[in-house]
Amino acid sequence: MQLEVIGVGGAGCRLADAIRAAEPANHAFLTDVYAFDTDEAALGRTVIPESNRHRYGEGDPAQGATDGGDGDGSSPIERGFERGQERADELLEVLGRGEPSAADAFLVTVGLGGTTGGGTVPALVATLQRTSEQPVYVLATLPADREFDASAGETDGLAGHARTATATSDTEPPRPEAATNALATLERLEGVASAIVLFDNEAWLRPGETLSDARDRSNREVATQVAAVFSGSAGESGETTAQTVIDASDVERIVGSESAFVTLGYAEQAVETTSSRFGLGLLTTERDVDTAEAVSAVETVVRKAIRGKRSLECDPEAADRGLLIVGGPPAWLNRKAIADGRRTLQTAIDGSGILGGDAPRPDGETVFAGVVLAGIGPVERLEELRETAGTR
Ligand SMILES: Nc1nc2c(ncn2[C@@H]2O[C@H](COP(=O)(O)OP(=O)(O)OP(=O)(O)O)[C@@H](O)[C@H]2O)c(=O)[nH]1
Ligand SMILES: [Mg+2]
């Protein structure tokens, strides 16, 4: 399927960057990618072409307000929502200069916790829903606990000292209000976004690591998960057509249109792709691949994608619906193992429906599985954030 990606705020733009970088060369699944931020310097650090970057809200009183309320008693995130409403048409106009109708869906990427991305996204998503036919999905990160401590970075000894000394505007500020902000944005997205893919920063940080240290790695992880699911059977050549093509309407059926929470899983395994004397000299043919090895590779990646670490940790049983995509060099895509994988997913989620497809990658060097679990709830991490917000 074809996706238009719109990054908003610092994290949103970096996520959009990462998704662009994860697009497989011969399996394009992106139409346009945009970066929107109030912060000119942050925008300048993205690799999104200048024509698709847009700074909005210049000189706006709401901008950069991260330190509590102002005279009128409104909180920074509320002022962020107001600014979002004021600016949504301007952003829509920028998107209109591209070719929004070429996309099967929009994916708006944002880091929840701040006031820019989280403030703008509800109004932008609502405006897109009003003015276009396609589903509008949101990819949102949840803030990590270590961001909430206002003194972090100054009190954690030498490492913190060194960081402070070399601090650039790229270093993440402490965000005591991050949990409150994140929950406020999610509340506004309820009933507005078609579906909300969550990525929990807390779960992907290593001990002692700051968000700035970890963010490139985290962004690559989630971008790989997104690419596995959305690039599905995109752009393949005629001779390697998927047995079961996953298209935009299949994705829509699984994630739904009612703001369901979604988590993504991914696993891959490198496989031998030595050239064959029988094929074109480049492709691995079925006779080069041991069936038992192919079955084992598919089983392994499917199990890891379902049971391993996902963008948001939750029991697969907590999901209503699931989607499984198994990809790799065609000779490795053992049909029976893929069918078994679908049954594994069906059993794991114990829900109402699953879909499965395959994604042949003649030029690929790995067998991979991408998993979508949709309609998950209750989300434990959101409960934790509610507790944090309640104590502040
Ligand atoms: N995964 C990931 N999360 C990030 C990244 N940058 C920031 N975050 C998270 O996103 C939240 C919001 O950060 P930003 O996107 O920088 O904030 P903003 O939307 O620009 O809003 P401001 O407060 O006005 O800067 C933070 O609290 C972090 O949890 C990133 O590159 N990757
Ligand atoms: Mg920012």
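Placement of Cβ uses the backbone N, Cα and C atoms for every residue, glycine included.
Predicted automatically and left uncurated, TrEMBL annotations should be read as such.
According to TrEMBL, the feature region 'Disordered' maps to residues 151-177, out of the candidate ranges 151-177, 340-366.
For the GTP site listed in the record, the two most distant Cα atoms among Glu147, Asn201, Asn219 lie 17 Å apart.
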